[in-house]
Amino acid sequence: MAITRKNLVAFCFTILFIISSIHCLPTTARSPGYEIGPQRRRRVTCFSFSFCKPARGLASCDLFCKRLKFESGLCTGDLEKCCCIDYIN
């Protein structure tokens, strides 16, 4: 079977169409650094109450912070402070 100019052009356009359609598909994962809108800044407020003691459980710090209308709460590494995290626009 001889390769004619018509078949070669059709083949090239087919390959070009396939490559361009694959390249233009949207990605499902979000790329870091390309967020839409302004970046949110984090505000951290720490309390030295005994919410992070092992007897009370580490979830008590998160519950304490959520009751104070913060987004979440984390204990420090030495379990001495409960730090509440809130995001500012």
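Cβ from N, Cα, C; glycine included.
Feature annotations, courtesy of Swiss-Prot:
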SIGNAL    1-24  signal peptide
DISULFID  CYS46-CYS84  disulfide bond
DISULFID  CYS52-CYS75  disulfide bond
DISULFID  CYS61-CYS82  disulfide bond
DISULFID  CYS65-CYS83  disulfide bond
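When the disulfide-bonded residues CYS52, CYS61, CYS65, CYS75 are ranked by how far their Cα is from the Cα of CYS84 (disulfide bond), CYS65 comes first. DSSP gives CYS52 (disulfide bond) a helix state. Cα of CYS83 (disulfide bond) to Cα of CYS75 (disulfide bond): a span of 6 Å. DSSP classifies CYS61 (disulfide bond) as helix under the three-state reduction. Neighbour list (CYS46 (disulfide bond), Cβ cut-off 8 Å, at least 6 residues apart, same chain): THR76, LYS81, CYS82, CYS83, CYS84. In the structure as shown, the Cβ atom of CYS61 (disulfide bond) sits within 10 Å of 25 other Cβ atoms.
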